[in-house]
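Taken from TrEMBL, the feature domain 'HTH lysR-type' covers 1-58.
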Amino acid sequence: MELRVIHYFLAVVQEKTISGAAKQLHVSQPTLSKQLKELEEELGVTLFIRGNRQIQLTPEGEYLAKQGQDILSLANKTVTNLSQNEFINGEITIGGGETKAMSFLANALQQITSQHSADIHLHLYSGNADDVIERLDKGLLDFGLIIEPAPKQKYSYLTLPIVDTWGLITVKDHPLATKNVITAADLKEEPLFISRQAQVPSQLSDWLEASLDQFRIVGTYNLLYNASLMVEAGLGSALSIDGILETKQTNLRFIPLYPALTAKISLIWRKNTVLSTAAALFLEQIKKSIQRPE
């Protein structure tokens, strides 16, 4: 299965017609049709059904469309990182949840660019730990930034000198907004949005000393900004970590939980993997920053 043919297939998926894809790719329609037919024969599946106006993907076609994007992305990343010259160049791909620890990584990257002749392209992917780990396992990320608790035992990892603090985000005219801290009892009747990350519900249950079923969970989120819009609309309050949203110039307020609920942050990467020059230099700078925090 050639990368060129995958590119052809994805063009058809995007254009929804073979004629439109052929025009985009600057190839003849018969040539493109032949390439796609050979791809189906090679894989032993039907990738799409040709309609009068548009093609319709089969389940196998939908799967290849998703995997094909990842395959081309990984191939492009590999070519970029192998095209080295006397300068340090390449790409670093980092996936992470919303956490102030991202600023720690930013400082490490700034140190690299100030100390070396470097041409590094940084690609950030935002998602919860489950999303990040999935992409890391596929080789689409060099590093993952995860908020614990999260499964990290099968990865190499560094625990960063950053601790995130959990609290409640609510509107400023809410009765709870007058409090300096939030207890489990305060949340008993409050409609709540919580993180979608798989390990978070058990962490919150431990802090609440009760099952989440006993509380009014009205929704989940993987990006806090979107949840904050629900909070501003009066649909409830959100349990989240501090430092993600700037609430000073908004109608929202962050109130820490009591007793305090905190989370450590880890940088993870795949074991026994060979990092690019840029990624290896980044990791070395992170280690130095941990040893000599500023």
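Backbone N, Cα and C define each Cβ position, glycine as well.
Looking at the domain 'HTH lysR-type' (1-58) alone, the prediction's average pLDDT is 86.
Residue counts for the domain 'HTH lysR-type' (1-58) under DSSP, split into helix (H, G, I), strand (E, B) and coil, are 36 helix, 6 strand, 16 coil.
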